[in-house]
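**Student:** Mind looking over this structure? Questions follow.
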Amino acid sequence: MTGARGKGAVKPAEDRKVGKRKAPVDRSSIRKAKKEKKAKKDPNKPKRPPSAFFVFLEEFRTTFKKENPNVKAVSAVGKAAGEMWKSMSEEEKGPYEVKAQKRKAEYEKQMKDYNKKQEISANGRDAEEVNDEENEGSGEEEEEDEDED
C-alpha cells in the first residue's frame, strides 16, 4: 500500500501534464458580447403593474419612515413590510388587491394601445416596401411592352 494514493496524496511530478495550461480569457469581451445579444428595452413600453404587496408596500413605507425616522436601511423596511403582510388577513389585504387589479386593467389597456402602435409602425414599413416592389415590377412590364411595339 505504499504506492496507493488516498486523500491528500500528492501526485508525483511525472504524472502532471506540463505545459497544458489554458490561455487566460479576456472576460471583458465576453461581457460585451452578452450585452450586445440582449434586446434593447423600448422606453415607450408601459411598465408592469405592481402586485397587491407592492401597493401595500408603497403605503407602508411612508408610515414606517414616520414611525422610525432613524432607520435608513431599505432591507429593514422590506422585512417589516413582509412580516406585516404575512400577518394580515385576507380581508385586510382586500383593498390592496382591488387597487392592484385596477392598475392591472389600466396596464392591459396601455399594452393594447402600445401593441397596436407597434403593429402599425411595423405594417407601415412593410406596406411601403410592398408598394416599392409593386412599382418596380410594373415599371419593368411597361418597358417590355414598349420594346414589343
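Every residue gets a Cβ built from N, Cα and C, even glycine.
As the structure is a computational prediction, the values presented were derived from the model and not from experiment.
Pulled these features from TrEMBL for this protein:
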REGION    1-52  region 'Disordered'
COMPBIAS  12-29  compositional bias 'Basic and acidic residues'
DNA_BIND  46-115  DNA-binding region
DOMAIN    46-115  domain 'HMG box'
COMPBIAS  109-119  compositional bias 'Basic and acidic residues'
REGION    109-149  region 'Disordered'
COMPBIAS  129-149  compositional bias 'Acidic residues'
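Structural setting of the listed features?
**Tutor:** Shown for the domain 'HMG box' (46-115): DSSP residue counts in helix, strand and coil, namely 56 helix, 0 strand, 14 coil.
Within the same chain, residues 44-46 sit at least 6 positions outside the compositional bias 'Basic and acidic residues' (109-119) and bring their C-beta atoms closer than 8 Å to a C-beta of that stretch.
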